[in-house]
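Now, the feature entries from TrEMBL:
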REGION    586-610  region 'Disordered'
TRANSMEM  173-194  transmembrane segment
TRANSMEM  201-222  transmembrane segment
TRANSMEM  242-263  transmembrane segment
TRANSMEM  284-308  transmembrane segment
TRANSMEM  351-369  transmembrane segment
TRANSMEM  491-512  transmembrane segment
TRANSMEM  518-535  transmembrane segment
Amino acid sequence: MFITGYAMMAGAAERLVLGYDSFGNICGRKNTPVKGAPLSGQDMTNKKYVFFLNSCSLEMQSLKISSLSLCVSSCPQEQLNSLEDLQSFARNNGSCLCVYNLNISSYTLDPKAAELCPTLPVPPSKSFPLFNRCVPQNPECYSKYASVLISTVNEMDVVHRILSGILAGRDTVIGLSVLALAFSFILVLAFRFIRTLLVHTLIALVVFGLLFVSGVLWWLYYDYRNDPSTELETEKENVKFLLGYAIFSTIVTVVLLCLILVLRKRLQFTVQLFRIVGKIIGRIPFLLFQPLWTFLILIVFWIFWVAVLLSLGTAGTAETTSGGQVEYRALSGICYMAWYHFIGLIWTSEFILACQQMTIAGAVVTCYFNRNKNSPPPHPVLSSISVLFCYHLGTAIKGSFLIAILRIPRIVLLYLYTILKQKESACAKCLFKCCFCWFWCLESCLRYFNQHAYTTTAINGTNFCTSAKDAVFILVKNSAKFASISCFGDFILFLGKVFVVCFTVFGGLMAFNYHRELQAWVVPLLLIGFFAYVMSHSFLSVFEVTADAMFLCFAIDMETNDGSAEKPYFVDQELLTFVSQSNKLTGGQKHRSRRPFQDNEGGTELQPMV
């Protein structure tokens, strides 16, 4: 909360993209006065462009452009040769190109007008699409202007360049996030009514998407690498990131293609599995709407997080210089706050997803252990949410915190690998890659056990540690029975997530490729991929959590009851038959030969695991 409040008070994210003049006014908004700067604090709502008074002779001094800059409502599109032309342009277009305290009528009368107005002649200019600057169109002036602007951008801090790219592509990021939402919702409906043909279609689309995105990434990398106009640091970073994306995408494509070939014979079991899961979701139809609430909460949190990040990136103090001009000095220690803020992104996002998993698990547990299958309990989702917020928020916090803790070493290793990459230490790079993969596997395993710990908490009402221990005990004991079933079901769901990410990232590649100038668009593209995966995971996890909770309930049912009249099973016949067929059970497994509990019978309730 301290960092949030500090960032909001000290930062001004609009300065990155909207630009500001020499007097501390941010163009395109209403400003507050700066002490010691009489021309600050002006309303620049209608003045969105930055105009330099001597755009044809810009110079760099201490990483600052020496020319006086103003906020104007429009850039002059024709050359202005005299003060009379400046006066006529101001009256006809409402755009004053002289210092604010010089009245339009005084342009030709004030003896200091030559110092307060732009250097004549003023070349024709157009607004630049990223930083809202008036860029001169005269070839000679443009060459000088571009060289100074390139130097300015290249000297910018990496964080500031990235933040500038995020702000510049914010409309594209929002649009592609909505596209990912649409893809995710369509897949949820498709999995609800899944058929064999749909599984084959999904696999074909995923294969096509992976191959296509990998090919586009390699083509863009080749195109950027051989582009002779690549001068900006952001463009050079784009080339490096594109190579990394292309290699990663190619590896993922090869691995997934191999897995699809190996597991293709178990497609029929997957169709049966999703049919049973769809039957459970049919009893609790509001489960399909649970991801929508999660998505809205995540969107609100992400917008808030990005706003704080942008404020941190622009946190600085305004200092008045000679002549009433204003300069912004960046504050030290901001990078440490940014790292802390990034950890908060991971932890809070995981906490929100954990709450969704516990809500779904609680509703499935309530339905599974209901004695009358034809009469499901009323409002199981609302009941699960109520229990979560009253008793089990600590469990969600602990589980999400463990995930965040395992993510931190991966981030640190990735940062160290980036440093070592420049030193070309092959041994060290190989070691870091192995450690990175090890932490990734550990995180995946922890995420799997956390999910079952949440289900166990919903069944027994125990704390996180006790639930995790009981879940591990049950899973280890029944791993041979359920491993192949749940793994392939999870793999098909993962392919669904890959489908959403592939086509969303492809849309991002096409959109950002048309806006290359001065944009660090590979980082916004990475954010788009991350948001697309989180959204698809949020939606498709309904089936994943439902299936895992169903199998864990089944295992506990088998452990607690014996199928007799005194202790009948809670499981229905369809699920029992499916598990028996998929695992090719032998006659020696006696507890499976018992009859399941009938809809109109009574029986003992499930007791906590000991």
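Counting begins at 1 with the first residue displayed.
Using the three backbone atoms N, Cα and C, a Cβ is placed for every residue, glycine included.
It should be emphasised that the depicted structure is a prediction, and the values quoted were computed from it without experimental measurement.
Relative to the transmembrane segment (491-512), the listed stretch 201-222 leads the set 173-194, 201-222, 284-308 in CB pairs under 8 A.
Remote same-chain partners of the transmembrane segment (284-308), defined as residues 6 or more beyond its termini with a Cβ less than 8 Å from a stretch Cβ, comprise 3-4, 7-8, 13, 166, 177, 181, 184, 188-189, 192, 341, 344-345, 348-349, 352-353, 355-356, 359-360, 363-364, 367, 376, 380-381, 531, 534-535, 538-539, 541-542, 546. Listed as Cβ neighbours of the transmembrane segment (173-194) (distance under 8 Å, sequence separation of 6 or more from its ends, same chain) are residues 166, 202, 271, 274-275, 278, 281, 288, 291, 295, 299, 493, 496, 499-501, 503-504, 507-508, 511, 524, 527-528, 531-532, 535-536, 538-540, 542-543.
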